[in-house]
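K.L.:
Below you'll find the structure I mean.
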Amino acid sequence: MSNKRIPKFIVFEGMDCAGKSSILKLIEEKLKKSAKADNYVFTREPGSKNSKEAEQIRQIILNKENNLSTTVDALLFMASRRINLETTVWPALKENKTVFSDRYWHSSFVYQGILGDLGYKVVRKLNEIITSNTKPDLIIFFDLMPEKVVERLKRLRKEADRMERMNEEYYQTLYSAYRSVINYDKHKFVIIDSNCTLEELFEKTWKILVERKIVDDE
């Protein structure tokens, strides 16, 4: 029997201030201290920690002074995503490592597909092509109601970037779009209630990762 680890591609999704990025950082810090630290790779979108080109694309996307069309947005995200796959995700999976990503193509399905004017099916098909249909093994959705998102945004940020300068009505629409996308891939999603403390949210997330044998119960 082979002792090789099964590659796993784990994606954290959720709206702004739902806690996914903070939790992912805590998980990274915890795993870096473990004996199996080298088995895990962490990345985020848009951009790539291993590519200056992807990071340059990230700056264009997030610049609040830019007013980009949905089509341009989609193309930029896909270009950045492809670079991140080539420089970070695929090499790690090839080495039988587990990859954690802060966002992936489901964000594009929501923002450029359902909320934008391109349509879900078009954006999904384009992403399947551009990513060579690299599908995540598990998507954890950090579920926070729109009114709570706006409340946290107002408390934490004086000036939001281009992706966050929206009101509660926008987040209601965004939330509905995410729920629609989740319904397309129900079997891949695990939903976590994010209306809790960061410590509680971490415990919930860690428990799921242990149950799925993605991490050891340390």
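Including glycine, each Cβ sits where the backbone N, Cα and C put it.
Not my notes, these are from TrEMBL:
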- Gly14, Met15, Asp16, Cys17, Ala18, Gly19, Lys20, Ser21: ATP binding site (BINDING)
- 12-203: domain 'Thymidylate kinase-like' (DOMAIN)
K.L.:
Let's check the environment of Gly14 (ATP binding site): how many other CB atoms sit within 10 Å of its CB?
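P.N.:
If we count other Cβ atoms within 10 Å of Gly14 (ATP binding site), we arrive at 24.
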K.L.:
Starting from the Cβ centroid of Gly14, Met15, Asp16, Cys17, Ala18, Gly19, Lys20, Ser21, the recorded ATP site, name every other residue in that chain with its Cβ within 8 Å, sequence order please.
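P.N.:
Other same-chain residues near the ATP site: Phe142, Leu144, Val149, Ser194.
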